[in-house]
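> I am attaching a structure below and will ask some questions about it afterwards.
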Amino acid sequence: MKTWIEINKKNLNSNLSQFRKLVGEKVKIMGVVKANAYGHGLVLTSKIIEKNVDWFGVDSLTEGLELRKNNIKKPILVLGYVELSDLKTAVKNRLSLTVYNKETIDCLGKIPIKNPYFNPKIHLKLETGTGRQGIQENNLFDFLKSLKKYPSIKIEGASTHYANIEDTTNSNYAKNQLAVFRRMVAAIEADGFEIPFKHTACSAAAILFPETRFDMVRLGISMYGLWSSKETKAIANSGKNKLNLKPAIFWKTKIAQLKKIKSGAAIGYGLTEILSRDSLIAILPIGYFDGYDRKLSSIGNVLIRGQRCKVLGRVCMNMIIVDATDLKNVKIEDEAVLLGRQGKEEITTEEIAQKVGTINYEVISRINPLIPRIIK
């Protein structure tokens with residue numbers, strides 16, 4: 001393999017064990033494996049964590065079917081939209097659905113059900129202030145009226161998502177959303193519906209606000225050993241229940257070529273970098289097609305033989321050029337670390353995110369799914 005992703009099984013399960021201790025035994029844990037398990041690999045990651053989670057959360061029907069195809073038998077909730085024409089397939093494969101449109105209810109209710117085991121199971125997404133998916137409070141009564149037409153549909157849960165719980169130390173908006181959620185849930189129950197699973201907590205909420213945990217928490221970024229924000233990390237580690245989260249993803253490649261270039265020579269497309277000294281350059285077979293951001297041109301670093309090596313010039317579609325001048329005994333096919341630790345040095349997702357002006361979520365979730373993932 002000329003480039004690959006290593007997934008640390010021990011770190012993944014250690015992170016989950018810490019959350020289990022934090023939330024207790026009665027609260028269910030949903031392992032959110034959408035977006036190719038945040039770049040870690042959908043099936044591989046799900047197999048690793050299966051014994052330590054109660055539910056799986058995916059974005060799409062495609063992801064849910066892939067898990068079923070690979071013999072994942074635990075409950076799966078599709079968090080994203082499923083097209084009306086695909087609802088029958090979802091129900092047939094025992095995928096629970098996040099629902100917020102009356103059109104979805106009408107389609108689900110008309111699916112012929114011969115075995116109650118295959119009754120459509122839904123989680124009502126309640127809009128409490130994020131402005132995305134969800135049933136608005138002023139439309140809730142009409143929605144429930146539609147739902148009553150179809151006794152085959154079973155409410156399995158109700159959920160919401162917080163808009164501003166990660167990047168701030170001010171929790172007022174989140175607390176208001178929580179109040180709206182409680183009010184809407186009370187209205188649903190008063191109308192005669194049972195809600196087995198109430199869930200609102202993402203990683204940050206699960207860590208910071210015990211009152212958001214209800215019956216289940218949805219663990220995404222922090223299950224993978226990353227913090228949703230520096231604010232969340234600071235607040236969490238200032239209290240009694242400190243978490244020692246460890247990243248589970250490591251991204252590596254190999255040197256494809258080494259060559260000496262004279263001072264004054266231009267490097268790469270657009271001649272954007274001129275060498276200021278006689279240099280040894282290393283060509284690495286990784287580029288923006290693979291998910292290595294083009295904004296890392298001339299500012300990114302990789303680790304070779306435990307030392308930082310600067311990216312020279314523009315990131316290309318399938319390769320980058322790095323400065324190997326200061327390395328001793330470097331050779332073809334030496335390992336280069338794009339993300340992770342080598343020796344005493346480390347390149348973190350947060351470092352990359354800061355350099356390219358994004359968040360750690362995007363850095364890992366955009367790593368090309370075609371790159372092999374292996375368990376370490």
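Each residue's number is its place along the chain shown, starting with 1.
Glycine residues also receive a Cβ, built from the backbone N, Cα and C atoms like all the rest.
Nobody curates TrEMBL annotations by hand; they come from automatic prediction.
So TrEMBL has the following annotated:
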type	residues	note
ACT_SITE	K34	active site, proton acceptor
ACT_SITE	Y269	active site, proton acceptor
BINDING	R132, M317	substrate binding site
DOMAIN	248-376	domain 'Alanine racemase C-terminal'
MOD_RES	K34	N6-(pyridoxal phosphate)lysine
> Relative to the Cα of K34 (active site, proton acceptor), which of the recorded positions R132, Y269, M317 has the closest Cα?
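For K34 (active site, proton acceptor), the spatially nearest of the recorded positions is R132.
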> Helix, strand or coil at Y269 (active site, proton acceptor), per DSSP?
helix
> Give me the mean pLDDT over the domain 'Alanine racemase C-terminal' (248-376), rounded to a whole number.
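Averaged over the domain 'Alanine racemase C-terminal' (248-376), per-residue pLDDT gives 98.
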> Rounded to an integer, what is the Cα-Cα distance in Å between R132 (substrate binding site) and Y269 (active site, proton acceptor)?
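If we compare the Cα positions of R132 (substrate binding site) and Y269 (active site, proton acceptor), the gap is 41 Å.
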> Comparing the recorded positions K34, R132, which residue's C-beta has the most other C-beta atoms within 10 angstroms in this structure?
K34
